Structure formats: structure tokens, C-alpha cells
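Peer 1: Supplied in C-alpha cells, the structure appears directly below.
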Amino acid sequence: MANKRVLVKFSGEALAGEAGYGIDTKILNFISQEIKSLVEANIEVGIVIGGGNIIRGVTAAQDGIIKRTSGDYMGMLATVINGIAMQEACEHAGLQVRMQTAIKMEQIAEPYINRRAVRHLEKGRVVIFAAGTGNPFFTTDTAATLRAVEIGAEVIIKATKVDGVYDKDPNKFSDAIKLQELSYEQALNDNIKVMDDTSIALAKDNSLPILVCDMFKKGNLLDILQNGNMKNCSIVK
């Protein structure tokens, strides 16, 4: 699968580690090494990171003091903080990285320009897409799906703490059943929390497969993309 183009979505919470907040540099280093293994296999990589380890727009707006729009913009800025951290970690690992933001902040990153992003990918650079879609009321899952479609990614990978999609939370229910493969319709209609409905609908409309996999299993991303080993993931298509 040489020259495959993928977009990997990491949750912000994943960066927090055991502390549950902030950024754990050991996890950053682990992720950057996983990304490096993809680049060395001639896989073009785009990245979107959430901001939940710093702030969530919905949570910030819960008591009505902060408006939802402002809360969401705060969340977008949190993804930029995570993006800078990821850029540093990937560069420390020896990768060439560019970050593009949906909200202009030229002192920190390039503005999101689709053609430029694609050119970076073609040159073997990792591209981090930050600040969500630039609009409130849209999740970073939706931003990841949107960017994946825009850059022509063959697949979007949602890197999580579990090895796929289950019919219920495997951390709470010992009898949870793993769903190896499911349709977009199942993901939408059965209320299975793969991504939010907007993300899944966008993926469905553009025939973009969604892979859900365990980000903490070393070598898992490369094994899935290069060897087609689907044992440690689920696919929505």
C-alpha cells in the first residue's frame, strides 16, 4: 500500500495520559514514533487532534455563563495547543511537519489551504490540521472527516483507547461484543458511538472508510495499513 494517503484522528484526552488533563510528553513521543513508521513506509499522513484534554466547548457552556459559540472557539484554540505539541514531537522524531489552522494565526501556523496541504503531503511532510472546521457547533471528528475528504485520503483512522467498535462500552460491560465490520447505516441508526452523526454522514456521502483502532498498541497503525491486519480494529464502510 505504498503512497497511501490517510488521515489519523487522535482525541485530545489521549494526550493527557493518566493525569487526565494537559499533555503527557511520553504519549506525544509514542505517537510521533508511530507516525514516523507510517511515513517511512511511504504513507502520506494528515493528523487532526481534539482538544478535550484542555477544554470542551459543550462542557464550558454547560451552565450558561459562557456561550456555546465562545466555548467552541475556546475548544478550537485548545486543538491548536495540541497541534503545536504534536508538531514539536514529530519534528523531534526527525519528521518534516506543517501545521495548518482553520482560523488564521500566521505567527503559529499556515492558514488551511487545500492545495498547499496536498502538496506538503506529496513531499512526504506530515500535515497537522488544527482549529477544527473554524466554525462552532462542529466537532473535531467532523473536522477530521472533512479534511480527509478534502485531501483525498483513502481512509480515516480514529485512534482510540480500545481495539475497535463495540455494541456497548467494553470498559463498563464485560459482555460487550466487538463489531468487526459495520455499515454507515448501522453506525448512524444504532447509536453506536463511532463518531458523531455529522462525521459518519459525511464519510458515507464520500465513501470514506472509517477505521477505529487501538492507538496504544505499538505498530498497530502500520500493521493495519501496510499488512491489512484488521484484528485490532473495526471498519465502518
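Using N, Cα and C of the backbone, Cβ positions are placed for all residues, glycine too.
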Peer 1: Out of Asp72, Asp163, which one does Swiss-Prot list together with Gly51, Thr133, Gly134, Asn135, Pro136, Phe137, Phe138, Thr139, Thr140 for UMP?
Peer 2: Asp72
Peer 1: Could you tell me the C-alpha distance between Thr139 (UMP binding site) and Lys9 (ATP binding site) in angstrom, no decimals?
Peer 2: 12
Peer 1: Take the mean position of the Cβ atoms of Gly51, Asp72, Thr133, Gly134, Asn135, Pro136, Phe137, Phe138, Thr139, Thr140, the recorded UMP site. Which other residues of that chain put their Cβ within 8 Å of it?
Peer 2: Gly57, Gly75, Met76, Gly132, Thr142, Ala143
Peer 1: Pop the Cα-Cα gap between Gly51 (UMP binding site) and Ser11 (ATP binding site) into the table, whole Å please.
Peer 2: 7
Peer 1: Have a look at the binding-site residues Gly51, Thr133, Asn135, Phe137 and say which one has the shortest Cα distance to Lys9 (ATP binding site).
Peer 2: Gly51
